[in-house]
Amino acid sequence: MSAPVEVVLCADSAGQLFNCAVFDPHSGSEFLSYRGGNTSSRSLTVLNGEYILGAQLGKNFINVWEIQRKDQLQQKIVCPGIVTCLCASPDGLCVLAGIAEAIYLWEVSEEMGFGHQEILHCFSVEVMKNCVLCFSVVQLDSSRIPEPLHILSRHSLPITDIHCGLMGPQARVATASLDQTVKVWEISSGEMLLSVLFDVGIMSVTFDPCEYFLFCGGSDGNIFQVSLCSTRDKTFQTDSDGNQVFKGHRNLVTCLSVSMDGTLLLSGSNDETVRMWDVQSKQCIWSINHKGPVTNAAIIPAPANMFLADSHPAVPLPRFSRHLNPSEQGDGTSSGGMCLRLGANTQEPEGTYLEKADELYSLMCAVTDKSVFGDGENTKVRVSELEEEVKTLKKINKDLYEFSTQLLTKPN
């Protein structure tokens with residue numbers, strides 16, 4: 001049997017059967033599984049076709065597996081805080097993570113001693129509410145504070161998902177939001193090209209490779225296919241021009257991905273299933289049941305050595321720096337870095353991380369109904385866990401405040 005061209009990589013929040021697994025996109029049969037922990041939403045990625053990286057749910061580290069050694073004990077990359085999103089660049093030279101109110105970019109360069117030195121650059125950015133900030137990674141310079149190329153700020157409620165097309169600097173970007181709209185932008189100019197209004201909040205979004213269609217996952221479990229032939233703002237309605245609905249999920253759709261030929265659509269949902277759809281007929285080809293809400297699901301090109309048991313990564317996994325400044329490194333290793341602050345770009349007073357988390361929780365409650373979160377005992381248990389986590393965060397916040405006060409008022 002020849003190796004597949006594409007594979008499905010997915011994970012759920014329970015992690016009972018596996019942390020993440022690889023499936024055949026045509027039959028749904030399992031190829032490989034990687035065990036240990038569970039991966040948080042939008043934080044599963046492949047680095048340079050040789051490593052799988054997955055941020056541990058609720059913890060401050062990233063699990064790592066060599067892609068062809070599924071039975072090995074995973075390695076761990078310790079981070080400065082809980083990782084809420086994670087991705088690697090297509091060329092495998094950069095890894096980006098969202099941590100609390102900051103975005104960290106690690107550059108892994110073979111020319112600069114990949115695997116033997118600290119990661120060369122990292123920067124942080126204050127997150128603006130309801131906005132998308134666009135930066136040029138190529139033009140980052142540690143000698144000055146970089147500014148965002150564009151600030152995409154037309155959403156009125158928090159953004160739930162972002163998808164960038166395949167055209168590099170000329171790509172289009174789609175943003176989904178709890179304000180029940182999906183907006184399409186031109187990344188080179190920052191101009192909004194299209195806005196589509198739905199009847200429900202949109203939790204996930206993706207393009208097909210040719211960018212003829214936009215696929216939007218709703219909080220009601222439906223997946224909406226939007227034709228991009230129109231260049232005017234509109235309210236979504238099904239028609240014969242390509243605006244259609246995929247029906248099957250019973251809870252909000254958290255992940256969407258399209259195959260390279262545009263014929264297959266993969267979706268993951270909080271109803272604990274991953275489904276593969278035929279785009280033309282809108283029929284579900286297969287469905288895989290998980291033990292918890294699906295946090296990550298994507299169709300990816302099959303790495304060349306995924307199915308070669310004797311292969312090994314060409315270079316070892318590098319050490320990821322936890323700090324921006326060389327003085328903060330425990331071993332004194334020199335490491336270039338920069339800290340990007342965007343206070344000048346925001347007009348409203350900033351709150352603490354806990355205040356922003358409370359505000360986001362309130363917004364989520366205001367725009368979703370019980371069909372989003374489900375009913376029954378599982379919901380009660382989850383609510384109890386979240387309340388306990390909020391209490392813990394408040395205690396940590398209080399302890400940090402008291403410690404800072406004592407430190408600042410301590411006599412010399």
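Even glycines carry a Cβ here, placed using N, Cα and C.
Positions annotated as domain 'WD repeat-containing protein 18 C-terminal' by TrEMBL: 364-411. For the domain 'WD repeat-containing protein 18 C-terminal' (364-411), the predicted model reports an average pLDDT of 73.
Annotated repeat 'WD' per TrEMBL: 173-195 (among others), in sequence order. In the repeat 'WD' (173-195), helix, strand and coil residues by DSSP number 0 helix, 15 strand, 8 coil.
Note on the repeat 'WD' (246-287): residues 5-6, 8, 10, 12, 23, 25-28, 41-42, 203-210, 212-213, 215-225, 293-299, 301, 368, 371-374 of its chain, located 6 or more positions outside it, place their CB under 8 angstroms from a CB of the stretch. According to TrEMBL, the feature repeat 'WD' maps to 246-287 (among others).
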